[in-house]
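As annotated by TrEMBL, domain 'Amino acid permease/ SLC12A' applies to 54-226, 348-613. Under the heading domain 'SLC12A transporter C-terminal', TrEMBL lists 627-745, 758-990. Among the features that TrEMBL reports, transmembrane segment is placed at 54-73, 85-107, 127-148, 183-203, 209-230, 477-495, 501-523, 535-559.
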Amino acid sequence: MAIEELDIRPKVSSLLSRLVNYTNITQGAREHEEAENTETLRRKSPNMGTLMGVYLPCLQNIFGVILFLRLTWIVGTAGIVQSFLIVLMCCSCTMLTAISMSAIATNGVVPAGGAYFMISRSLGAEFGGAVGICFYLGTTFAAAMYILGAIEIFLKYLVPQAAIFHASDHHGGDSAILNNMRVYGTICLSLMAVVVFVGVKYVNKLASLFLACVIISIVSIYAGAIKSVFQPPDFSICMLGNRTLVRDQFDVCSKTVLEGNVTVPSQLWRNFCSSGNMSSPQCDDYFNQNNVTEIQGIPGLASGIIRDNMWGDYREKGQILEKAGLPSVDVHGAVESIGLYVSADIATSFTLLVGIFFPSATGIMAGSNRSGDLKDAQKSIPIGTILAITTTTLHFRCCVHVLSCRFGDAVSKNLVVGTLSWPSPWVIVIGSFFSTVGAGLQSLTGAPRLLQAIAKDNIIPFLRVFGHGKANGEPTWALLLTGLIAELGILIASLDMVAPILSMFFLMCYLFVNLACAVQTLLRTPNWRPRFKYYHWALSFLGMSMCLALMFISSWYYAIVAMCIAGMIYKYIEAEKEWGDGIRGLSLSAARYSLLRLELGPPHTKNWRPQVLVLLKLDEDLHVKYPRLLTFVSQLKAGKGLTIVGSVIQGQFLDSYGETQASEQAVKNMMEIERVKGFCQVVVASKVREGIAHLIQSCGLGGMKHNTVVMGWPYGWRQSEDPRAWKTFINTVRCTTAAHLALMVPKNVSFYPSNHERFTDGTIDVWWIVHDGGMLMLLPFLLKQHKVWRKCKMRIFTVAQMDDNSIQMKKDLATFLYQLRIEAEVEVVEMHDSDISAYTYERTLMMEQRSQMLRQMRLSSAEREREVHNYTSTNIHRITPAQLVKDRHSLIRMGSLYSDEEEEVVEPVADKIQMTWTKERYEAERRNRNNAPENFRELMNLAVCSDAELLVITVLNSGPDMEFLEVLTEGLERVLLVRGGGREVITIYS
């Protein structure tokens, strides 16, 4: 039994086999590689553990070009304390992000796409697309950064003779270096792109070599650090006074040398002196008055170097590097000698160093991107990622104490960290070169696949082409775009300038990873069941805050640019995909909270706006009959408030479900065309008016209900033999009255303007006859907010009788409009009492001519009396100085409108006449009926000028006289009939 147990234990040979077969290619790339090797794609069973699948890939991605090329410079510039703070900030940020990422990654399988997939499925397509593009750009610029690092190692430490451009003087050194970086960087990028295009299997075969280079380099640094405690390396730096000299400009650190028995000037002397004759030298003043000394660049841990390098030493560009504590005579030297000293090539600051260092802390997504290849992803991703971050954090902190040397170019163009390594500096030089090349290849391999994953989700239309590639799925077009973007980074040619750009995009990605974890945790969605339990929403918010702070600490303008890019992509994406994201759950929670708050009471008058229920009529083909009704609503609402579009299908629900779905889709399509943002509801009822009554009663939810009904005018009701054409309309008006809802009926709606039209002039005329709570004042104001009606002026007409002071009425109304902050012209129309009586008689006469119609209404006597009572009470309580006076005769005739009996029209008895009528006036009116003028309509038509684009008038009561409305609005192109809901909707107070 013991022998069997020994047989199943992991052997050294199996570990070496895994190292040889190690790959750092993402899951999508592995699938493409298998497609090249086999005609029938058969996925291998996932068998990678924590070490090979997560820990080493993260380690390889984190240890990179910044560690080898910039860490010593960062420590020498910022000092130990601030360098420790930089490492602490960056590594804490990545550790908190790793905790959030572990929770998300263990909540299900994460396929190709990695961070993009996690964020898009947690925060929605909009956030996922925006952050996915940022992550893609970050990975692409990472490829450029790694390539620039490899070229810097190649030109400065491996083959300096390969430089094409050379500086003519010390001023042209920077431009020559940048041009060399551009040329060789472009060549290197092209070669890498060709390797990735040919096949990722070649990159996969080199992955173990790159990993070995990283591991050997790290071990070599630690071995050299331990050795330096007992035997510091010979790493001398030549100093003139307290100034550091560029060592490759001379051979011997001395002013003179001994050749035989003769003291002669050294090469250093000849650099500072114009004459080689020591008897009459013409040398630089600083050179003459200061001595040349040599100091150890790495004196060892026991030398007290940690105390000396405790605090920072930031410099401006071109400032000479000086070492405190060395004797020096402070005199100005010749300008020509500046190129002989080591000087700062860029201006340094704490924020700049944070941006340059942060890319060395990235790479934590390497494990989550390979979840499909892991044997137990829920176990391996958290353990491997957190262990990798812990290891690299400890390594960086050790390096802060070990590599605290301020001198970079002063060591004969040797890599500073290489001089610390054991057994030879070439171990670090060669290892770092291959490590950066491998990291660049991995970035060029992963970035196109990330872009391909975004393109295949079809959330950004113009990226669809990048979802295609070769027959085996290789993202050819995405690789081409990645190469072009990486070339932009190559043309920048400065590693220190590319690193902050890279930091912005990765920090943006990490920020949303933390946000995704926090949102899912707080919402407690049923599907949020991560196996990783050591997370908390507070840690996620802390990580998110640190990411945001690091963005602005590193570079506030780069941070703004990155956020603008993400914001524009977010606004551009209009995804209709349901991925079960957390933002949808957050929206539901916020909606529930808001609805409960609305239940506390009705909205204040200051917050009142039309919450519209639009009643649409569909034709036999289920098409919207009057789409301009939706156009009018979109212009009135401008995307604000609640809009519900309802329609009724006559029939039985069990038989008409499919028709209902088709109708809803047709209405939604028309709403999208007319740019109406709202909800659609189609109901099935045995009778249309019952369905409309159901919509009026039940639409909306809680406090988010409609307060206004918009419906079309029943055109052709005179010619229609079907009485339902006008019965349904009248019943709807009665329902809105009973529900205390406002009502708007756009008449001649087909003549209303479309959203593409513009009125350059004209007016909106409002006839303020009955005070309706301010509806007539508010509606034109809302319409004028839309670009179609914006240039129209507003005019208010009101009616005055002969005993009214029309001048004072005009002043009072103008003052009222001023207090309402509404700009409008005021017109007062004066009418005689006889004109009003004639208007009343005209209305009564038209009712008598419609006796045939009245008999078809089929209303009971009780209903008729209720309508008369409603009509009377409504108008008595709304009398204003500008209101028309109705007589008793018209009320009786209104009652007969709903009669289903052939009643004899009884003339009212004279002694029962009330209100403004007397017996004498009544008898006189009867004698002059045949000669009654149509003064009221004539006056209104005269007042409505030819430039009026819309007429708004209140004439709808609980029982509207349709014949009267037809005659009243005859010849008018656009009329909006309005009835208030019985409450004030506008106020003069702030």
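Glycine too: its Cβ is placed from the backbone N, Cα and C atoms.
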Helix, strand and coil counts within the domain 'SLC12A transporter C-terminal' (627-745) (DSSP): 57 helix, 25 strand, 37 coil
Contact call for the transmembrane segment (209-230) and the transmembrane segment (54-73): at least 3 Cβ pairs under 8 Å, seq gap 6+: yes
Predicted model, mean pLDDT over the domain 'Amino acid permease/ SLC12A' (54-226): 82
Surrounding residues of the transmembrane segment (85-107) on its own chain - C-beta under 8 Å, 6+ positions past either end: 74, 78, 115, 118, 122, 350, 353-354, 357-358, 360-362, 364-365, 367-368, 371, 377-378, 381-382, 385-386, 389-390, 392-393, 396-397, 400, 507, 510, 513-514, 516-518, 520-521, 527-532, 534-535, 539-540, 542-543, 546-547, 550
